[in-house]
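J.: Right, I'll just put the structure down here and ask away after.
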Amino acid sequence: MEVKWTEEQREAITTRGKNVLVAAAAGSGKTAVLVERIINIVTDPEKPVDIDRLLVVTFTNAAASEMRERIAERLISLLDQHPEDKRLADQLTLLNKATITTIHSFCLDVVRKHFFLLDLDPSFRVGDDTETLLLKLQAMEELFEELYEKNDEGFLLLVESYGG
Ligand SMILES: Nc1ncnc2c1ncn2[C@@H]1O[C@H](COP(=O)(O)OP(=O)(O)OP(=O)(O)O)[C@@H](O)[C@H]1O
Ligand SMILES: [Mg+2]
């Protein structure tokens with residue numbers, strides 16, 4: 001795949017050392033640019049970074065899978081052109097354990113690894129919708145009770161104005 005990048009795309013691919021926000025129409029090549037950016041960083045002739053040293057986060061699982069697949073495709077096509085490049089071949093292996101994941105999954109991983117710093121039960125898990133709804137209701141009831149007991153003026157006014 002030889003793409004002729006636009007000037008803006010090229011800039012988004014090669015800019016380093018600052019934050020880059022890419023906003024463009026559907027199907028205009030945002031993911032392609034991001035993939036190329038990653039490939040450029042990984043194959044940089046001066047300061048190459050192994051793919052498993054990058055953090056790539058997306059919003060959905062589907063987008064994460066797409067990213068991983070498209071990076072693999074690019075690496076494979078580069079390897080076709082440079083079959084003797086050992087480093088390139090390594091990247092394809094490292095891609096399996098690269099952190100290309102949803103933001104939620106990444107955060108969950110961080111919390112799991114550092115549960116002791118957060119004073120969390122190591123066997124914690126993500127609650128389902130029903131559980132979290134019950135927890136919210138419970139927290140609200142407890143808070144209401146506390147505020148009723150305190151005869152909190154602002155709270156009473158709020159309940160009077162908005163309460164059913
Ligand atoms: N400059 C370009 N010239 C030709 N084709 C391009 C160019 N930039 C991107 N493409 C191609 O356009 C297609 C869509 O690109 P891509 O999937 O990256 O878009 P996207 O903005 O991420 O889309 P979506 O909004 O659906 O996520 C791909 O096949 C990509 O290779
Ligand atoms: Mg996309």
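Glycine residues also receive a Cβ, built from the backbone N, Cα and C atoms like all the rest.
Note that TrEMBL annotation is computational and uncurated.
Annotations for this protein, taken from TrEMBL, read as follows:
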- A24, A25, A26, G27, S28, G29, K30, T31: ATP binding site (BINDING)
- 3-164: domain 'UvrD-like helicase ATP-binding' (DOMAIN)
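Show me how these features fit into the shown structure, please.
T.: Secondary structure from DSSP puts A26 (ATP binding site) in coil. Packing around A26 (ATP binding site) is summarised by its Cβ count: 5 other Cβ atoms lie within 10 angstroms of its Cβ, all protein chains included.
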J.: Can you list which of these binding-site residues (A25, S28, T31) have a Cβ closer than 6 Å to ligand 1?
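T.: From A25, S28, T31, counting a Cβ under 6 Å from ligand 1 as near, the near ones are S28, T31.
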J.: Please name the residue among the binding-site residues A24, A25 whose C-beta has the most neighbouring C-beta atoms within 10 angstroms.
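T.: Counting Cβ neighbours within 10 Å, the top one is A24.
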J.: What is the one among the binding-site residues G27, T31 whose Cβ has the most other Cβ atoms less than or equal to 10 Å away?
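T.: Counting Cβ neighbours within 10 Å, the top one is T31.
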J.: Under 6 Å from ligand 2 by Cβ, which binding-site residues from A25, G27, K30, T31?
T.: K30, T31
